[in-house]
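What TrEMBL says about this protein:
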- 67: active site, proton acceptor (ACT_SITE)
- 136: active site, for ring-opening step (ACT_SITE)
- 138: active site, proton acceptor (ACT_SITE)
- 143: active site, for ring-opening step (ACT_SITE)
- 11-226: domain 'Glucosamine/galactosamine-6-phosphate isomerase' (DOMAIN)
- 146: site 'Part of the allosteric site' (SITE)
- 153: site 'Part of the allosteric site' (SITE)
- 155: site 'Part of the allosteric site' (SITE)
- 156: site 'Part of the allosteric site' (SITE)
Ligand code: F6R
């Protein structure tokens, strides 16, 4: 996998937004998979800035969601549907028609999960999937020991993830749902390009285990090692426990040809 060490979160946002813009120039109706949480915000701000500046036309882009809380009304401000509409779809000048996600309010959750996997395939598959990483190494909401072949399904959040996410619910852990629908690791691995962004010291252990540790279900992000085109963008703090940091800096700055990410 390719590891890109950037000075800070803003630089990470810029480099990934440029990769998305380059994809949209090549394929205007590309399907972009987005993540929620704090980490990807600089990416969305940078991409929306490029659209406003006329540097890229995103009017035919399609956006899809990685995961969703189970049981939150779709219009709850912290549902991932609302979050992605507010942070990605609207700033890009798109409408909800360009957007797809799993139905966290479905009476038959399993059927909703299967329907979402089908919908992703019928849409031609995800061109670029942006990922964050949990402090426990999760991607999407595939918590430790998720099957590396898993499909979209319901998962139970760990206590650590609920603590981490309480900040989005007025700091009240009791408001954080226990269950989520998440694309499975097998589903995520079907995207053509995986781009994981991690910033801050709190992610340093998870990044080191994912990049330099063995592929293991106990560290779900280590599954990126199985993907032929996976890019991990980390700021200096998140890179601080990588033993091969100097090698990654060297290989990135000495690429034989510029290929974007
Ligand atoms: C949410 C998601 C999660 C987050 C992860 C990190 O859609 O995919 O895997 O990326 O929990 O969250 P932040 O960025 O808030 O630290």
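Each residue, glycine too, has its Cβ placed from N, Cα and C.
Note on proximity: of the active-site residues 67, 136, 143, the one nearest residue 153 (site 'Part of the allosteric site') is 67, by Cα distance.
Put simply, 146 is the one of the recorded positions 67, 146, 155, 156 whose Cα lies nearest to the Cα of residue 138 (active site, proton acceptor). Proximity to residue 136 (active site, for ring-opening step), judged by a C-alpha distance within 10 Å, picks out 143 from the recorded positions 67, 143, 146, 155, 156. Looking at residue 67 (active site, proton acceptor) and residue 155 (site 'Part of the allosteric site'), their Cα atoms lie 10 Å from each other. Residues 67, taken from the recorded positions 67, 136, 143, 146, 153, 156, are distinguished by a CB atom under 6 angstroms from ligand 1. Mean per-residue pLDDT, taken over the domain 'Glucosamine/galactosamine-6-phosphate isomerase' (11-226), amounts to 97. For residue 146 (site 'Part of the allosteric site'), the same-chain residues that are 6 or more apart in sequence and have a Cβ closer than 8 Å to its Cβ are 138, 155, 184, 185, 217, 220. Looking at residue 156 (site 'Part of the allosteric site') and residue 143 (active site, for ring-opening step), their Cα atoms lie 8 Å from each other. Taking each of the recorded positions 138, 153, 155 in turn and counting other Cβ atoms within 10 Å of its Cβ gives the largest count for 138. For the active-site residues listed here (136, 143), the lowest count of other CB atoms within 10 A around the CB belongs to 136.
In the three-state DSSP scheme, residue 155 (site 'Part of the allosteric site') is classed as strand. All protein chains considered, the CB of residue 156 (site 'Part of the allosteric site') has 13 other CB atoms within 10 Å. DSSP assigns residue 67 (active site, proton acceptor) to a strand. Take the CB of residue 67 (active site, proton acceptor) and look out to 10 A: across all protein chains shown you find 22 other CB atoms.
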